[in-house]
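Lifted from TrEMBL, the feature list:
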- 12, 13, 14, 175, 214, 235, 236: substrate binding site (BINDING)
- 99: active site, electrophile (ACT_SITE)
- 169: active site, proton acceptor (ACT_SITE)
Ligand SMILES: O=C(CO)COP(=O)(O)O
């Protein structure tokens, strides 16, 4: 938690989900109550094919919708790609950029991620910029060095809290069931906060910094209670509405 920052629990569905899964999820999510809505924002980042379906669901609930990636250009001859403007037109309010799976599978560099974040802003979207060290980097004691370089390279100048979210996702914790200790999370999130403040001043102090990597209902309270953790970016556990809501429920406990 950071005082005065409203937490966000965002679900990244990755390459999962069909229209029926979205409808099922929507029916379940309507049930989340006003008290929880007061405490935490919820977002789902489905595959592009479901952004429109989720933006309909979002009308019935207090959920917001994000994309998982966008092209750095606004339009043009880029078969198979999707622009930030298209995401916005489909009802997204945000877009994830620089997820480690994009960095690994598609060779995305910090420079490319930065250009995508700029494209997101041009389209009026919030950019959720992901950073995180590999297992080898952690073992070599290079975690903060790596995160510092990714922050410097991937976040464009002029970042403002209203349109920027940083997600710290240690690569080795994604989909593995392994998580850093609360102490390690505190160290990295504290470091990210200092870097954001150094570069963006008050805007950096108010930017949400999410933790992602094997967040589950059973570890949500411990992870979300860490200083400078302003929510979660949840992969696998966001696919089931009951687990996703159970993670959000952590805020009922933490903020009571
Ligand atoms: O990559 C993630 C979210 O973007 C985390 O995935 P898991 O929650 O499945 O570990």
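Any Cβ shown, glycine's included, is placed from N, Cα and C.
Nobody curates TrEMBL annotations by hand; they come from automatic prediction.
Other C-beta atoms found within 10 angstroms of the C-beta of residue 175 (substrate binding site) number 13, with every protein chain shown included.
Ligand 1 lies within reach of 175, 214, 235, 236 from the binding-site residues 13, 14, 175, 214, 235, 236, judged by a C-beta closer than 6 angstroms to any of its atoms. In the three-state DSSP classification, the residue listed as 'active site, electrophile' falls within coil.
Largest Cα to Cα distance within the recorded substrate binders 12, 13, 14, 175, 214, 235, 236: about 14 Å as a whole number.
Each of the binding-site residues 235, 236 was scored by the other Cβ atoms within 10 Å of its Cβ; the lowest score goes to 236. Here the recorded positions are 14, 99, and the one whose Cβ sees the fewest other Cβ atoms within 10 Å is 14. For the binding-site residues given as 12, 214, the lowest number of other CB atoms within 10 Å of the residue's CB is seen at 214. Residue pair residue 12 (substrate binding site) / the residue listed as 'active site, proton acceptor' shows a Cα separation of 12 Å.
For the recorded positions 13, 169, the greatest number of Cβ atoms within 10 Å around a candidate Cβ is found at 169. Taking the Cα atom of each, residue 99 (active site, electrophile) and residue 14 (substrate binding site) are about 10 angstrom apart. Taking the C-alpha positions, the distance from residue 236 (substrate binding site) to residue 169 (active site, proton acceptor) comes to 14 Å. If you measure from the Cα atom of the residue listed as 'active site, proton acceptor' to that of residue 214 (substrate binding site), you get 9 Å.
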